[in-house]
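Notes to accompany the following structure.
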Amino acid sequence: MNDFGKFVKTHGPKLAPFVVTLILYFSLVRRDPQGELWTTVLKCLPIVALMFYVVVKGFSLKKDYRRSLWIILGLVFSCGGDALLNVNLFPLGMVSFGVAHVFYICAFGWKPLKWAIGLALYVAVSLFVYFVHEKLDEILIIGVPIYCFLLITMLWRALARAVDAKNFLTIFCAVGAVLFVVSDALIAVTMFVGVPLPCPRLQIMITYYAAQFAIALSTADDGPQSFRSFRRKIK
């Protein structure tokens, strides 16, 4: 059996709860939620399932699993953000997701730095903030810029790790970070710019769950006895 087959056999069953909860959410929540308890629970369950995966694939509080710990904490605050957004507490939800991004930044680290990537991303997000700032109220005019810079910092650190990586999981994690930005950008263009997107909730949630899945899966090679052989060189 090749490395990919071993990886699927080892990690597939541990990801089954995520797949099941994902199916439940998209099959049962057919319209935009209106703060109902049941839709809030269903929205949070896939993220809880990813927390479960990060723990059961191998986890401890030792230094070897430090990245897994940061990502679990990021998932916890993401789950809190999901719940708050679902009950229409957008500013508080944004704060919770901002904290989640701080933990993801800690997980991705600061080496290699790759300043050029960061500079390009900060210029882009600064232009976006300048474009939408007149559409923000008294709370969001402070919160949105802070959140955007945390989000873009998370993307920068994920991309910086992936540039020279020969590890599939590191590259896949960077794809997840990109999808996270795409998901939030879809929220921004519908909420602040007023662009009418077809099935916006589906687009937002599909890219969001894919992003969190990729970030959580990046912990698969965490730990001293982890599945470190799954490293594919990108030629």
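Glycine is treated like the rest: Cβ placed from N, Cα and C.
Please treat TrEMBL annotations as automatic predictions, because they have not gone through curation.
Taken from TrEMBL as is:
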- 12-31: transmembrane segment (TRANSMEM)
- 37-56: transmembrane segment (TRANSMEM)
- 68-85: transmembrane segment (TRANSMEM)
- 91-110: transmembrane segment (TRANSMEM)
- 115-133: transmembrane segment (TRANSMEM)
- 139-156: transmembrane segment (TRANSMEM)
- 168-195: transmembrane segment (TRANSMEM)
Selected stretch (most C-beta pairs under 8 A with the transmembrane segment (139-156)) from 12-31, 37-56, 115-133: 115-133
Interface-richest range of 12-31, 37-56, 68-85, 168-195 toward the transmembrane segment (115-133), CB pairs under 8 Å: 168-195
